[in-house]
Amino acid sequence: MPVDKNLRDLEPGIHTDLEGRLTYGGYLRLDQLLSAQQPLSEPAHHDEMLFIIQHQTSELWLKLLAHELRAAIVHLQHDEVWQCRKVLARSKQVLRQLTEQWSVLETLTPSEYMGFRDVLGPSSGFQSLQYRYIEFLLGNKNPQVLQVFAYDPQGRARLREVLEAPSLYEEFLRYLARFGHAIPQQYHARDWTVAHVADDTLRPVFERIYENTDRYWREYALCEDLVDVETQFQLWRFRHMRTVMRVIGFKRGTGGSSGVGFLQQALALTFFPELFDVRTSVGVDSRPPQGAADTQG
């Protein structure tokens, strides 16, 4: 149907009798969603709306990311490789969306932010329960974080539940063990509240996979999916740190942290260290025995 006079007529089949029926706004509860932006500055600072929406939309994407990562764990528990890869693919796209969102907040100038920063009090993104939940799902376990949520017993209980359960990576290692890979016994059952750190005893497992990709294609593909997730997560962390640096410089954070310096430390935290370390030894014909010192300087 051609458009005449820059006007598009409604088609006969379009529903207009919506009284008492499910609508777009009703399904999405837009009345609640769009009334949740309540600036605290008086008079309301124009740019506080940007700040609120930036963080609210981030929390929505984090909710979806947690949903997908939980599904990935369940799929691994049931050896459902392709279903796991599907939700990991979506997780990567969510992380890209979260990363690109920082470009919107970067339009906030230092003076604009300082115009309403005082109303934030001690509130801080560090207190994002969903962010900590996702870090725990991915393996960055830190029981100290629970202290931050002492004011929220229900939220703290949610965090404790995921703290005490195997992470995505630990479920992946258990999956590998079920399919005949020589995963050390401690990864079958251990204190899951302790963060995973790089372990040289796992390197032979991943050398075998990466040097025999035709034979272990499913395992290799999952490894690369996890590498993609960590890489994108670190890009998000980096953009966060750079955005904070751009807006507030090296001021302390509202939550009491050192600000940029504290965010920089997060860039050294890893989820799946062996999947990066293995690349150093892949294809090397002669490797020193495990634990041998490097004498080549």
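Backbone N, Cα and C define each Cβ position, glycine as well.
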Figure out which of Thr231, Thr254, Thr270 sits with Phe51, Ile52, Ile53, Gln54, His55, Tyr113, Arg117 in the substrate site per Swiss-Prot. Thr254
Among Phe51, Ile52, Ile53, Gln54, His55, Tyr113, Arg117, Thr254, the record's substrate binders - longest CA distance, Å: 18
So, three-state DSSP: helix, strand or coil for Thr254 (substrate binding site)? coil
